[in-house]
Amino acid sequence: MENNVTEFIFMGLSQNEKVQQLCFFLFLLFYMTLMTGNFLIIMTIQRSPNLNSPMYFFLSFLSFVDICYSSVTAPKLIIDSQAKVKSISFVGCMVQLFFSHLFGCTEIFILTVMAYDRYVAICKPLRYMTIMDRKVCSILVVTCWLGGFVHSFIQTILTVQLPFCGPNLIDHYFCDVHPLLKLACTETYMVGLTVIANSGMISLSCFVILMGSYIVILLSFKTRSSEGRRKALSTCASHITVVILFFVPCLFIYLRPSTTFTEDKMVAVFYTIITPMLNPLIYTLRNTEVKNAMKRLWVGRLLDRNKRDSGVKLSGTGIACIVPVSKRVAGNKSVITS
């Protein structure tokens, strides 16, 4: 069957104009907070010499992926909340599908790598820097990107070859696999099973590995001192919070047959916007090292700038006071000479 669809129309989160106006301001605030928080984490880690451990290396990449992931869907959602017709071209839809799965799957793999990093740091502290050296960390990050690319390529190829002959109305706010399968003019049962095997099983297997690693970490606390237990528990608690907020919605969406529910749009908001926005808050509020580094880097720089500005004002005032005095002395000398 031929593909007669050249563009798709999003239904968005709501058809109510007042709700759309609320969504515009709300998600604009969310997106600005997301961009600012993740950018601050990246800059703080890059400019702080004491944040050079593998955990912060992976955290900076997680913040970068969060920025990219949300930028695939959030700007379009914000713009469409002010548009009467929420349209996207067929090519643009496939591009959005590819990059949303690329960054989403890459984030899943990075979270899994971060759990492994915490396992090595807590359970094998003496060998931590030997096992997780910079070369190994770089290889793990590249592997995450390659895994995300392969996953996204399969999802996009499966979807782009489907015939779409109408209607072209997508009950969502971005292009995803399940809403597009619903519009295809052919049987999509096998494609739906492949999506479950690709997206659902990746999410489920990584989630099981993550929770298993954190269970092992929690069991190892019995042999630790109270201070070491408190610090390790604080670090793991932030990681577990992010994992639950990101993985539970993903499992709800992708670990089921190719059916769509009205709740899918709100659930998708959690893993595309809410979780990337909360990641900086979760990691900074529960991490003393990051909070102290931010204070030294940003608050200290602001205080230094204020000191320089006040110094310039004082020096300017001093010059202004001295000049009239020198003129009066010169004037007095001229009077005495005459």
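Numbers run from 1 along the shown chain.
Each residue, glycine too, has its Cβ placed from N, Cα and C.
Feature annotations, reproduced from TrEMBL:
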DOMAIN    37-283  domain 'G-protein coupled receptors family 1 profile'
TRANSMEM  19-43  transmembrane segment
TRANSMEM  55-74  transmembrane segment
TRANSMEM  94-116  transmembrane segment
TRANSMEM  136-154  transmembrane segment
TRANSMEM  200-221  transmembrane segment
TRANSMEM  233-255  transmembrane segment
TRANSMEM  267-285  transmembrane segment
Long-range neighbours of the transmembrane segment (267-285), counting only residues six or more past its ends (CB under 8 A):
13, 27, 30-31, 33-34, 37-38, 40-41, 59, 62-63, 66-67, 69-70, 72-74, 77, 100, 104, 172-174, 176, 238, 241-242, 245-246, 249-250, 252-253, 291, 294
Sequence-remote contacts (6 or more beyond its ends) of the transmembrane segment (200-221), Cβ cut-off under 8 Å?
105, 108-109, 111-112, 115-116, 118-119, 122-123, 151, 229, 232-233, 236, 239-240, 243, 247, 250-251, 254-256
Counting only residues 6+ away from its ends, which parts of the chain sit with a Cβ under 8 Å from the transmembrane segment (233-255)?
55, 104, 107-108, 111, 114-115, 118, 122, 176, 178, 195-196, 199-201, 203-204, 206-207, 210-211, 214, 217-218, 221, 264, 267-268, 270-271, 274-275, 278-279, 282-283, 285-287
Other than its close neighbours in sequence, what residues sit by the transmembrane segment (94-116), given a CB gap under 8 Å and a spacing of at least six beyond its ends?
55, 58-59, 61-62, 65-66, 68-69, 72-73, 76, 88, 140-141, 143-145, 147-149, 151-153, 155-156, 159-160, 174-177, 180, 199, 202-203, 206, 209-210, 213-214, 239, 242-243, 246-247, 250, 271-272
Looking only at the domain 'G-protein coupled receptors family 1 profile' (37-283), what is the mean pLDDT?
88
